[in-house]
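I have a structure here, written as structure tokens, and I will follow up with some questions on it.
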Ligand SMILES: O=C(O)CCC(=O)N[C@@H](CCC(=O)O)C(=O)O
Ligand SMILES: [Zn+2]
């Protein structure tokens with residue numbers, strides 16, 4: 001395990017107090033800050049382009065601690081880098097406040113949706129992150145036609161029966177076997193395939209730049225300093241091997257489970273009610289016929305094809321997803 005607690009604490013402190021730009025890097029790396037909390041690192045001859053993001057939601061701190069530790073290793077010259085790399089600390093003001101967001105959920109605003117949102121911290125930041133990632137991929141183009149990978153790391157509000165999993169955005173370009181091998185090397189428990197476009201950061205990078213991209217869910221959201229970082233050692237090692245250009249660690253766990261989104265529950269009004277206790281975990285298999293949620297004139301019931309519930313949340317803003325129902329994916333793409 002390569003977390004260096006002291007150095008990463010200093011980086012988080014610098015991030016939270018707007019001093020991150022003071023960081024220094026080995027001479028072999030061309031380092032530029034494209035935005036607050038957005039760092040581009042270029043080795044001499046990159047063999048791929050990788051974007052790693054964390055803190056798109058400000059209360060999801062474990063991924064930020066992991067990214068800070070990775071940054072500390074890069075600064076110290078301890079982490080080899082064969083890839084053009086963009087590190088993104090997603091939402092610094094929300095991280096400072098310890099909140100998912102300040103004005104609106106940023107992970108619903110990408111792909112230009114920020115233009116139609118009420119102006120605020122997240123609409124401005126989503127626009128800037130879009131510009132920064134566009135600048136990164138434009139710079140990367142000068143290095144040739146490099147494979148593009150994006151991992152957007154999150155943690156979940158509820159506990160999960162499959163604690164660590166990926167959500168792959170709806171996409172029409174090919175995700176190669178190597179990408180699924182990377183997810184397997186992360187020792188993920190499950191992979192969920194979206195079936196419709198969305199406003200997530202991972203969907204944006206996939207759609208706009210042809211990246212093989214996913215959201216990584218790494219357990220339950222906890223405040224800074226309270227994360228069981230050793231649980232994410234496999235993800236950390238796989239990311240470090242990817243960046244170094246070395247062989248990925250071999251998977252030790254049983255094979256990943258694959259699911260597809262069958263239905264999105266969209267809350268449309270404040271009359272929305274969820275009939276699930278907060279202790280119900282993600283990937284709980286609900287009984288057929290059970291009424292999961294209702295609104296004044298609408299009701300959502302479980303069928304026997306797609307009974308697995310993911311991200312049930314009654315407190316989302318009207319118009320947003322209040323839960324997903326999943327079915328098993330019997331013929332995953334890879
Ligand atoms: O626990 C929850 O309810 C949400 C955790 C979270 O932030 N998940 C991401 C998933 C993004 C995706 O679907 O790819 C989100 O809701 O933005
Ligand atoms: Zn999140």
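Cβ coordinates come from backbone N, Cα and C, glycine included.
Quantities reported herein were computed from a predicted structural model and do not represent experimental measurements.
Under the heading domain 'Succinylglutamate desuccinylase/Aspartoacylase catalytic', TrEMBL lists 48-242. The Zn(2+) binding site feature in TrEMBL is assigned to 57, 60, 154. The active site feature in TrEMBL is assigned to 217. Feature annotation from TrEMBL assigns domain 'AstE/AspA barrel-sandwich hybrid' to 255-328.
Just tell me what is around each of these and how deep it sits.
If you average pLDDT over the domain 'Succinylglutamate desuccinylase/Aspartoacylase catalytic' (48-242) in this model, you get 97.
In this structure, residue 60 (Zn(2+) binding site) belongs to neither helix nor strand by DSSP; it is coil.
There are 28 other Cβ atoms within 10 Å of the Cβ belonging to residue 217 (active site).
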Excluding 57, 60, 154, which residues of the same chain place their Cβ within 8 Å of the centroid of the Cβ atoms of the recorded Zn(2+) site?
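Neighbours found: 54, 55, 56, 58, 59, 63, 100, 107, 153, 155, 156, 221.
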Among 57, 60, 154, 217, which recorded positions lie by ligand 2, judged by Cβ under 6 Å to any atom?
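Correct list: 57, 60, 154.
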Roughly how many angstrom lie between the C-alpha atoms of residue 154 (Zn(2+) binding site) and residue 217 (active site)?
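On Cα coordinates alone, these residues lie 5 Å apart.
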Are there any residues at least 6 positions away along the chain from residue 57 (Zn(2+) binding site) with a Cβ closer than 8 Å to its Cβ? List them or say none.
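Listed in sequence order, they are 90, 91, 94, 100, 101, 105, 106, 107, 154, 221.
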